[in-house]
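Copied over from TrEMBL:
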type	residues	note
TRANSMEM	B:37-56	transmembrane segment
TRANSMEM	B:97-119	transmembrane segment
DOMAIN	B:97-309	domain 'ABC transmembrane type-1'
TRANSMEM	B:131-154	transmembrane segment
TRANSMEM	B:182-207	transmembrane segment
TRANSMEM	B:228-250	transmembrane segment
TRANSMEM	B:295-313	transmembrane segment
Amino acid sequence: MKHFCRLSRGCPIIRKLLLSAFALALTLVFLNTHVNAAERTKVIFWHEMTGPAQEQLNKFVANYNQSQNKYTIVPQFEGNYNEVVQKFLNTHGTDASPALFQSMDISTNQISSSNYTTPVQKFIDENNYDVSKISAVARAFYSKNGSQLSMPFNTSQPVLYYNASLLKKYKITPPPINPSYSDITRVAQQLYQRSGKKVKGLSIEIYGWFFEQFLANSGVALANNADGHEGTPTSVSFDNPAAVAAMRWIQTNIKSDAFMNYGSGSNASANEMAGFLAGKLGMFLQSSSSISQLTAGTKDKIGVTYYPHPDNKKANGVSIGGASLWISNDKSAQVQRGAWNFIKYLMTPKNQAAWQVSTGYLALNQDSQKEAVLQKLYHRYPSSKVSSDQLRKTMPNTTNSGIFMQGLIQERTFIQTAMEQIYNGGDIQKALTEAQQSMNTAVKSANKANKAKN
Amino acid sequence: MEEPLNRKLKPLSNKSVTLKTQSIEKSSYDVNAHDKFYAWFFLGPSLVILSIFVFYPMMRTLYLSFFLTNSLGHPSVFVGFSNYINLLTSSAYLDSLTATLIYVIAVSILTLVFGLLLAQTASKKIAGINIFRTIFSGTMGVSVSVAAIFWLFIFNPSIGLLDQVASFFHLPTINWLTQPSWAMTAVIISTVWMNLGFTFLIFFGAFQSVPKFFYEAAEIEGLSRSYQFFHITLPMISPTIFFISIITLIESFKSFGLIDLMTAGGPNNATNLLVYRIYQDAFLSGNYGSASTQSVILAIIIALFTLIQFKLLEKKVTY
C-alpha cells in the first residue's frame, strides 16, 4: 500500500496520464455498448473465408448493416474449416458462441447430430421462402429427410482445367466438354510426347474429395445405407470396381510418365497451380473456385471441362464442395431471425452473381444467371460458364449428394494414404482394402461412442 | 594443485552446512499463522494457475485416455486399456513411432554436430567474422511459417530451386516432398536448419567462456588444433552439450509446425510424427480418447529418453 502511494505522489504526471487513460477507456466502453445495445440486435457471424472471398463477404455485411436498422451482423474470421467445427461444439451455450456460422461440407452430419442448431427449414416454412430457386444439388447436400439443415453458401464443384494455348501450340485437339477417362489420357500422352517431355500432361491432387467424386460420378455409393441418406452408415466401400477403375486410370498415366504427382495438402494444390501457371503442366482437376486465381495468373487461354467419367458409362454428375451457413439454437428467437434474414440477403440473385464474379464460387440462385455482372464474366472468360453449366445440369440422387456420415475427415486421411501408396506404384486393390478396413474399424467405434450418448 | 584448494574449502563448506541446519531447526519452531499466511499468499497464485493450466489438463488427459469420445468430444464409453492396446498393436502407429525415433535421433545429432562446427568456425578471429556470426545465428529470427515457405520453394517439384540446379547439371531430379523415402530427409534438413541459429548461439557463448590460457598452454606444448578441440574445448563445454542435446531431443519429439506446413504428415504417413498424429486425431477427427492415449504414451517416451540421457551423459559432463 505504502509503496503505491509514494510512487503516485512522486510522479504526478504518470498519475494524471494513468487517470486520463482510464477515463478514456471507460468512456469508450460505455459509448460502444450504449450505441450498439440501444436499437440493433447483434448477430455474431463466424466464417472461414480468406483473401478475395473475405473481402467480398465483408462488403456484403457492410451493405446489409446499412440497408436496415434492426440487426447488426458482426463477422468474425475463425481460422480454418477443421478448427471451427471443434470450436463451435466446445463453445455452445456460452457467450462466446456464434449465432450464425459457416461450416464445411463434410462436417454436416456432425454439426446436425450435435442438436446445437436450428434447421433453416424452420425459417423457410415460416417465411414461405421460395427455395426452389436455389441449386437443387447444393441443397441436397445439406438436407436430411427433405428438411434443409443449413443453407449452402460458398459452393464449388470439381472440374478439369486445361491450358488451351499449350494444346493449340502442339496441335492437340482439346478434350470434349464431358470427357471420359481415356479422352483425358489421350490428351495427356500427346502433350507430354509432343512437348519433348517438357510439359507434364495431367495432375490429380491426392485429395479424398476427388476420390469421393470418382465414385459419385460413377453412381456408386461410398458408404452403405445409400451414402447415409437412408440411415447411419455402418460400413464403407473403397475397393469397389468404380474406385479401382479410377485408380487404374491414374496409375496408367503415372506409368507413362505423363502424370505429375504434387502430393497432398495445401502445398500440393499451391504447387500444382504454380506448375500450371508456369506452363509445365497441361491439365489438372481442381475446385471450380480456382478459376479466378487462374485467369488472374496467366495470359494463356484456359479451358474447363466437366469432371471426367468412366469409359463406356454415362456421367452421374458430381456432388458439391464448400461450406454452408448454420443457425445456432442457443440464441434468442430474435437473434436467430436476424441470422436468417442475413442468409436470405446473401442468397439474392444479385449478391450470388457478385459472389461468383469476385470469388469463383458458383452462384446458387438460378436468377443470378441473368445478372449483368455474371453475363460480363462469361463474355470475358467463356470457360467460366462451364462450371455453372455443370452445376445446373447435375440431377441430385443419393450417390452425388454427399456422404451423410460422421468421421469423414478421418475417411479422407485413410483414402489419401491409400492414394499415396497407389501414386507411388503400390497395388491398387491392396491399398484400398487396407484403407477400407481402417475406416470400418473407425466407423464401428464412432457408432459405439455416439449411440451411448444418444 | 588440487589438494590445497580442497583443504581450504573444507572448513568453509562445513560452516555453511551447520548454518543451514540451524536455520531449518529455528524456523520449524517459529512457524505460526503469520508465516503460513505469507506462504499461501506467495505460492497460492502460482499453485492456482498451475492447477488450472497444468495439473487439471494432465489428469483430464489421463482420464480421457480410458474412454471413447462421441462427436461432441464428451467421454461416452469406458473402454479401460483398449485404447492403449489398439494403438500399440496398430501398424500405422508403430510406423509413426519408428519415423519419430528416426527423426528425433537424426535431428539431434545433426544439430549438435553442425552447431559445434559453426561455433568453432565463428570463433576464429578473422576480419569480417562478425558478419558470419550474425548470419549463423540468423535462423533464430525466422518464424516457422517463413522457414516452411522458404523450404517449400526450394523443394518445389516443378519450379523448385533444388530441381532447377539439378537439371542444370543434368542430375536426376527428386520429388522431395511427395516421395515417401525423400520426404523425411527434406523435413530433417529443414528442421536442422531451423535449430542451428539457437544451437550456434549457445555453443558460441560456451566457446567464449573457455579460459584462453588452456589454449596458450596447448600451443606451447605444440598440440594440434584437433587435439585442442577434442581435449580442451569439448570437455570444457560438456555441460552446454548436455543441455543442448536434451533441449533438441525434447523439442524434436514435439515438432509440429514444419511438419504441418510442409508435408501434413504425408506422403503415405512417412512424416506423420507422434505429435502430428495427436493433432490429427484430436482436432481434425475429434477422437479425443485416442489422442489422449497417444499423449500419455508420448509423455512416457520423452520421460524415458530424458532419464536415459541423464544416466548416460551425466558421467561425461565435467562441471
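Cβ from N, Cα, C; glycine included.
Counting Cβ pairs under 8 Å that are 6 or more residues apart, the transmembrane segment (B:228-250) and the transmembrane segment (B:37-56) reach fewer than 3 and are not in contact. Each of B:37-56, B:131-154, B:182-207 was scored by its Cβ pairs under 8 Å to the transmembrane segment (B:97-119), and the highest score goes to B:182-207. For the transmembrane segment (B:131-154), same-chain residues at least 6 beyond its ends with a Cβ under 8 Å from one of its own Cβ atoms are 118, 121-122, 160-162, 177, 186, 189-190, 193-198, 200-201, 204, 257-258, 261-262.
Long-range Cβ contacts of the transmembrane segment (B:37-56) within its own chain (Cβ-Cβ under 8 Å, at least 6 residues beyond either end) are absent.
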